[in-house]
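As recorded in TrEMBL:
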type	residues	note
DOMAIN	15-357	domain 'Major facilitator superfamily associated'
TRANSMEM	12-30	transmembrane segment
TRANSMEM	42-62	transmembrane segment
TRANSMEM	74-91	transmembrane segment
TRANSMEM	97-121	transmembrane segment
TRANSMEM	133-151	transmembrane segment
TRANSMEM	157-178	transmembrane segment
TRANSMEM	207-230	transmembrane segment
TRANSMEM	242-261	transmembrane segment
TRANSMEM	273-293	transmembrane segment
TRANSMEM	299-319	transmembrane segment
TRANSMEM	331-354	transmembrane segment
TRANSMEM	360-385	transmembrane segment
Amino acid sequence: MNQLQMKYNLAHILYWIVYCAECGFTAIFLQSKGMTNTEIGLVTGSGCVITIFLSPFVTSIINNHPKITVKKMFTMIIAFLSLVFLSVAFIQMPVILVMACYICILSTFVSTVPFLSMIAMDYLHEGREINFGLARGMGSVFYAVAAVVLGEWINLFSANVLAIVFMVGGILFLLVLYRLPDSQLDPSTKTNAKNGSFFSFIRKYQILFFILLGFAFAFAASSSISTYLINIIENLGGDTSIYGVTIFLMAASEMPAMAVVPRLIRRYHPMNLVMFAGGCYIIRNFLICLAPSLPFVFIGMLFQSVTYGILTSLLTYYVSDVTDKKDEAMGQTFIGVMTSGFGATIGNFFGGFIQDALGLPAMLGMACVLTAIGSGIMVVTALYAKKKLPPRRILS
């Protein structure tokens, strides 16, 4: 393994530890500040909605201002959010202000998710050897480990420890990030005068849009399952310790699939992989939603590797392959917008509302319907796209 790959792996590991501190315990942290479940749902849902608009805006700033690099943007965001997070944790403030601050933290940090993939794709365009899937998979494994460790720390101390971990982890991440070499690509190739128009991007890359639309519906189902997973576990006789094991299985299972995606792309048509992942989403979510006992939930969670694991890594390479260089950063951002933005919004808002109004079985039924819609869109689009996909460039 070359030095560049090792540094890039470490950057992903630290980034996803920080992400876990910020996103993995949102409900627990906000409950410690006296919020109700309804207020927590409003915070998470609002954060997802804002991400839809904020993520492309932040990316357009990087694209249109060559002096504002990914590293500088990361530095500004982490420094600002560390101050906000520490203030919310250790300064007494009204609930409405806590809500506003945490919406800011959620939406802003989630908007940085495409940045590391942008760095990797720049390296590949330069001819450097880098495996994005391996690094992203290691990030998932350490996210799972961090979830277990942070859960124990919260029990030992308090939920305020999350803000400290966010700040310290953010500093360590920036130290590693600045050890990565800068891109040697001509900045002018990254500038797109039409960055502000998301609709023009959709019209230009319709196949990509419909694949991501299908992914978004499947992700919405998975998001509602993940958000209310503790309810599913308890309904089947489990407890919080079983919940922790389930989360670990889900996150840790992503690494093998993510790591081998570059090899899979060389061997199989990318659209065949999209269809495979779409079909596996039905198996995953239906196993969990219709599970008669906890072992079926565990098995379903292990399918995270061949669903989200494959698609996240595959689409990162696919975007770099089919988009013009000036559109690539927006394409990487679009992945996050459709999943963490659009998909998560649908899953969180409707999942909570339907569960409160009609009960857990109704919410699980909704997840099955969303999964079927998403998988169907992905399969149909992939069948059509097999005749339209241009020659591969990145991994040829």
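Glycine residues also receive a Cβ, built from the backbone N, Cα and C atoms like all the rest.
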Selection from 157-178, 273-293, 331-354, 360-385, the stretch that has most Cβ pairs under 8 A to the transmembrane segment (74-91)
157-178
Suppose you look only at the domain 'Major facilitator superfamily associated' (15-357); what would the mean pLDDT be?
86
Pairs of Cβ atoms less than 8 Å apart decide it: which stretch in 42-62, 97-121, 157-178, 242-261, 299-319 has the most with the transmembrane segment (207-230)?
299-319
What stretch of 42-62, 97-121, 133-151, 242-261 shows the most Cβ pairs under 8 Å to the transmembrane segment (299-319)?
242-261
